[in-house]
Amino acid sequence: MPKTMHFLFRFIVFFYLWGLFTAQRQKKEESTEEVKIEVLHRPENCSKTSKKGDLLNAHYDGYLAKDGSKFYCSRTQNEGHPKWFVLGVGQVIKGLDIAMTDMCPGEKRKVVIPPSFAYGKEGYAEGKIPPDATLIFEIELYAVTKGPRSIETFKQIDMDNDRQLSKAEINLYLQREFEKDEKPRDKSYQDAVLEDIFKKNDHDGDGFISPKEYNVYQHDEL
């Protein structure tokens, strides 16, 4: 093999092995990182705890661990109403999905989330969250209900038992859920939520949501 080719071959092998080593080291570092959870308050009576697929209602504030500066406050959005989201399906960062598992309604937590469970090397929000940032969240959970895609919830919404959900049925369900946090929404807000639900789920455009369209998690038999 000519010297030039031999050198090039060794050069390529070196960088391949270096890349493999770097990737393995990064994977090892990420595997040692974990979400740290501090329970600030937990109600004495806790008969129901949060799990993947549940619908949660919570407020949370986010801070940069580096300097303690606040980058997010849920109370400044949606007229101060707590946020509704489904746990464990990617509606929040992975670290929050982990941190809010096994929580009771009324519980408060302070959690530390490493970059690999937050925004990683990319950062977020045009520099508001820099690359490789460790985040701190203070969380207060208000309600844990059956996820919107569970069998039980589908049957609860389907008032006439025709195995499809109409706009009237879902509108009534939303109204009941919004009333649970004792902060009734304006009708225009509820209408916007209803429109968004059908836009994202009524795939055939027939004005109803079928069991197949409803069950996006594909793990329940309807």
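Using the three backbone atoms N, Cα and C, a Cβ is placed for every residue, glycine included.
Remember, it's a predicted structure, so these values are computed and weren't measured experimentally.
Given the ranges 3-6, 131-134, 175-178, 219-222, the record in Swiss-Prot names 219-222 as motif 'Retention in the endoplasmic reticulum'. Take the Ca(2+) 2 site that Swiss-Prot assigns to Asp202, Asp204, Asp206: the candidate from Glu195, Glu213 listed for it is Glu213. Cβ neighbours within 10 Å of Asn45 (N-linked glycosylation site), excluding its own Cβ and spanning all shown chains: 7. In this structure the alpha carbons, written CA, of Asn45 (N-linked glycosylation site) and Asp162 (Ca(2+) 1 binding site) are 38 Å apart. Within its own chain, Asp160 (Ca(2+) 1 binding site) has Glu169 as residues 6 or more apart in sequence whose C-beta sits under 8 angstroms from its own. Residue environment of Gln164 (Ca(2+) 1 binding site) contains 17 other Cβ atoms, counted within 10 Å of its Cβ in all protein chains.
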